[in-house]
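Engineer: Here it is, the structure in full.
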Amino acid sequence: MARRPRAPAASGEEFSFVSPLVKYLLFFFNMLFWVISMVMVAVGVYARLMKHAEAALACLAVDPAILLIVVGVLMFLLTFCGCIGSLRENICLLQTFSLCLTAVFLLQLAAGILGFVFSDKARGKVSEIINNAIVHYRDDLDLQNLIDFGQKKFSCCGGISYKDWSQNMYFNCSEDNPSRERCSVPYSCCLPTPDQAVINTMCGQGMQAFDYLEASKVIYTNGCIDKLVNWIHSNLFLLGGVALGLAIPQLVGILLSQILVNQIKDQIKLQLYNQQHRADPWY
């Protein structure tokens, strides 16, 4: 009676440990963020090119466009490893993707924990960033719009108080300051007037020369740091939800990549096993 020794081997070769669901789910997951990263880089580069070179170089460290480009490039490289690694079933790229994503997640977690544990130092760092932004207020249009939005949103002016605007060369109160905005504050510090159809951009003229009581009739006198801290304390659940929303995609990416890596390793072992037993007529 004729034997069919190679039928099980053929059956074994048709079987694969690699799940198409996991493979393509990870691929499309990375593809989505890959596209988002390219949009971020494109927007950042466009915003950068639209600025004057001198103004852009003056405040490179606080330029939102630079931050957008850096985050976009890092996300692009990370998701590129995930896309190609999952599509080509490349263990090296998948491990790189998983390790980098784990490092990003741990850094975010550590930053959040340290921010709560060392709240005073975090507050000092925020104060330093805000003061640096005030200094470069007129140098960068994006930064200027961001500060104006923040002061309107939180009903505040400056870092600690409205007099922090004296750090800016245009708003400085020194007698030798030739600027027309000397001792003033930006219009975003002004109290809203419901019946005013057109925004008065000169409403903050000379406000730093007044004391708190007099200035409070026209502008916000409280600093943005205290307002920001109070807002954070009042919206902890919202911030927790945002943090969770950022963490879940990262954890999903780490989990899927590790599952796929283990499946690829099992598939490699199966292929090696089949190759070693092909010479066996009873296999």
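Count begins at 1; order follows the chain as displayed.
Yeah, the Cβs are placed from backbone N, Cα and C, and that goes for glycine too.
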Engineer: With CYS156 as one half of a disulfide in Swiss-Prot, pick the other half from CYS92, CYS100, CYS203, CYS224.
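Structural biologist: Here Swiss-Prot pairs CYS156 with CYS224 via a disulfide bond.
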Engineer: Go through the topological domain entries in Swiss-Prot and note whether ASP195 and LYS269 share a side of the membrane.
Structural biologist: no
Engineer: Quick check on the disulfide-bonded residues: of CYS173, CYS183, CYS189, CYS224, whose CB has the lowest count of neighbouring CB atoms inside 10 Å?
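Structural biologist: Each of the disulfide-bonded residues CYS173, CYS183, CYS189, CYS224 was scored by Cβ atoms within 10 Å; lowest is CYS173.
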Engineer: Give the nonlocal contacts of the topological domain 'Cytoplasmic' (86-96) in its own chain as ranges (CB under 8 Å, at least six residues past its ends).
Structural biologist: 18, 23-24, 26-27, 30, 257, 260-261, 264-265
Engineer: Would you mind listing, in sequence order, the residues at least six apart from CYS157 (disulfide bond) in the same chain with a Cβ closer than 8 Å to its Cβ?
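Structural biologist: When sequence neighbours closer than 6 are ignored, CYS157 (disulfide bond) has GLN151, TRP165, VAL185, SER188, CYS189, ILE219, TYR220, THR221, ASN222, GLY223, CYS224 within Cβ distance under 8 Å.
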